[in-house]
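Below: the structure, in structure tokens.
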């Protein structure tokens, strides 16, 4: 039987929620991943060092006994952010600030309205070596939802990189050929996280044969040509600039199967197996370890995990749903098969 042993991976983009939801989902990530970069878009958002440290304590309390999993904490960038906050964050071990353009995604109401007014804050991030994590979509209602990432590149990303050229930027959950091209052409201070859904699915999987709410995420799934461009990027000559970030974003089944369903796919349960499928299909299984376990750690300036995990070429059936507080949660590929299984 084919096996693949790799350095334990890290999830560089994860939503863990809070309260009972946190307790339900944290163990799935802790089983596979050594660390995860925790998104700060709670209600209310994680905007201060005190908020982040309190949230980290709640995450640690939700982990299974004996777990070595480490949450890497971030702050939610707001219009009120200051260079002093950046210095405080650095001193407290916060790894990054996250940009949510106001209204772009789940719990982004407190997001930034004009990033260019925060240039002194970004300059302090560059000085302190704190990363800038970007949800790269414009929110202009005149821009089609399928074009919002591409529009962001010209309107925001390129001008910011020109003004703060040494800022370390992660273009999060990229979905387009344009975003991949930007990262490939930019300096070594720019990298990207890529989700399993944007490597495996296209917008037909969302809309053909009926609306499939469990495939609805933001940024929304794109054309097949964009999916192919992402696979080419994560397996190509400059693959070191791309890394694993699931954007696993749990919402109760009732909130997804809804007249106004929530955006987000829950992939944490079988994340590394889904990525293994991507790399296997691309004939690049030998590049999975770098993508999952090395590139993100190197970009964040942290050592790789010291232990390993082993994947077995053995099919598994993903549960139709799992418990989630008082409700249930539908995982990515619910009821379907994945050709790989982690040996626990």
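The backbone N, Cα and C atoms fix where each Cβ goes, and this holds for glycine too.
As the structure is a computational prediction, the values presented were derived from the model and not from experiment.
For the substrate site, Swiss-Prot gives 15, 16, 17, 41, 135, 251, 263; the one candidate out of 72, 167, 218, 221 that the record lists there too is 218. Residues 13, 15, 247 are given by Swiss-Prot as Zn(2+) 1 binders; from 98, 117, 158, that same site also lists 98.
Taking the C-alpha atom of residue 41 (substrate binding site) as reference, the shortest distance to any of the recorded positions 13, 98, 247 belongs to 98. Within the same chain, residues at least six positions away from residue 263 (substrate binding site) with a Cβ under 8 Å of its Cβ are 105, 106, 216, 217, 218, 220, 249. Long-range Cβ neighbours of residue 13 (Zn(2+) 1 binding site) (same chain, at least 6 residues apart, Cβ-Cβ under 8 Å): 37, 39, 133, 172, 173, 193, 195, 245, 246, 247.
Cα to Cα, residue 16 (substrate binding site) and residue 98 (Zn(2+) 1 binding site) are separated by 15 Å.
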